[in-house]
Amino acid sequence: MINIRKTHPLMKILNNAFIDLPTPSNISSWWNFGSLLGLCLIMQILTGLFLAMHYTPDTSTAFSSVAHICRDVNYGWFIRYLHANGASMFFICLYAHIGRGLYYGSYMFQETWNIGVLLLLTVMATAFVGYVLPWGQMSFWGATVITNLLSAIPYIGTTLVEWIWGGFSVDKATLTRFFAFHFILPFIITALAAVHLLFLHETGSNNPTGIPSNMDMIPFHPYYTTKDILGALFLILALLALTLFTPDLLGDPDNYTPANPLSTPAHIKPEWYFLFAYAILRSIPNKLGGVLALLLSILILIFIPMLQTSKQRSMMFRPFSQLLFWTLIADLLTLTWIGGQPVEHPYIIVGQLASILYFLLILVLMPTVSLIENKLLKW
């Protein structure tokens, strides 16, 4: 009798995606982050569901409902901090996943890559609206500053901002709709992730060499299921260590002060995972220019496949491109640091230089160096 997993309509889909899936035999631990992102998403949906059972999306009670979760609900503090730090782990995995794609040329699977960029934008939107929900000072002012950026759009900007706010400032209507968005978006992310996988399984996985591996495939189970479980254990260990030892390490102390529209915090800044984009936004003195640079800093990923000038897909055998790649990583870390600093000398000029270097590396230097490498190899 043929195995049920190969005949049953539902089991067949799961079998072809996670059990009998032909996988390159040489993919490294950098390929673990896809499954880790799936794990993060499941954890965030579960912890978020339990938080939503006790949270009230109302300006007068939101802050105290979060305090109530932490003080009175059984293990509420644990669920809350798992959710908050889970978001940080989500972004760490996300950035590692994108970095892997850039390094090994996975962006040449264009449909998979474009869905991935869409996923990144959706996760960023989810994290942003989620940060507003505790209704602390940084929640309120972060929401005010970021939504206000839309007013830079000519002609319709102001109307658009008031439409998103549901009034003339960030208030009860804004909080209620942000809670609704924060609840629905993870399910949209889940659907997009399924489409992401669908397109990936059309082509099969890339591998570190960037050379097609059709002649050397192994089944996903048990080899990569085991490997993914090990990765998951490390992720859970890191998340638990962060949550149980230093739960507020990555948070902002201002968010322990209830939102007050009459008092502006000294330094308004987003969560750490948005600081690089925030630094690029602030480095341009013009409002519309800043907003466009902010958008382009993320949307530039869509153009990466078009900027591929190398005859080799992966950077594995391209030392000059590797140097530029790690320069880009260092530049992003610099931008992240600058985004958390006050707007004063020397941070302003460092931020501007780092922003220029970011776009210069991606749009000019990397494609040019790839062409030089082709010449050196007489290709």
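Using the three backbone atoms N, Cα and C, a Cβ is placed for every residue, glycine included.
Going by Swiss-Prot, these are the annotated features:
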BINDING   HIS83, HIS182  heme b b562 binding site
BINDING   HIS97, HIS196  heme b b566 binding site
BINDING   HIS201  ubiquinone binding site
TRANSMEM  33-53  transmembrane segment
TRANSMEM  77-98  transmembrane segment
TRANSMEM  113-133  transmembrane segment
TRANSMEM  178-198  transmembrane segment
TRANSMEM  226-246  transmembrane segment
TRANSMEM  288-308  transmembrane segment
TRANSMEM  320-340  transmembrane segment
TRANSMEM  347-367  transmembrane segment
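Cα spacing between HIS196 (heme b b566 binding site) and HIS182 (heme b b562 binding site): 21 Å, rounded to the nearest whole number. DSSP classifies HIS182 (heme b b562 binding site) as helix under the three-state reduction. The 10 Å shell around the Cβ of HIS97 (heme b b566 binding site) contains 20 further Cβ atoms across the protein chains shown. Neighbour counts of Cβ atoms within 10 Å were compared across the binding-site residues HIS83, HIS182, HIS196, HIS201; the minimum falls on HIS201. Long-range contacts of the transmembrane segment (77-98) within its own chain (CB-CB distance under 8 A, at least 6 residues past either end) are made by residues 30, 33-34, 36-37, 40-41, 43-44, 47-48, 50-51, 66, 69-71, 116, 120, 123, 127, 130, 235, 238-239, 242-243, 247, 250-251, 271-273, 301. Between the CA atoms of HIS201 (ubiquinone binding site) and HIS97 (heme b b566 binding site) there is a gap of 17 Å. The transmembrane segment (288-308) is in contact with the transmembrane segment (347-367), judged by 3+ CB-CB distances under 8 Å for residue pairs 6 or more apart in sequence. If you look at the transmembrane segment (178-198), the same-chain residues 6 or more away from its ends with a CB under 8 A from one of its CBs are 17, 37-38, 41, 44-45, 48, 52, 55, 57, 112, 115-116, 118-119, 122-123, 125-126, 129-130, 132-133, 143.
Here the transmembrane segment (113-133) has Cβ contacts under 8 Å with residues 55, 57, 62, 66, 87, 90-91, 94, 97-98, 101, 106-107, 139-140, 142-143, 146, 170, 174-175, 178-179, 181-182, 185-186, 188-189, 192-193, 195-196, 199, 270-271, 273-274, 298-299, 301-302, 304-305 of the same chain, all six or more residues outside its ends. In this structure, the C-alpha atom of HIS83 (heme b b562 binding site) lies 21 angstrom from that of HIS97 (heme b b566 binding site). The two recorded residues, HIS182 (heme b b562 binding site) and HIS97 (heme b b566 binding site), show a Cα separation of 23 Å.
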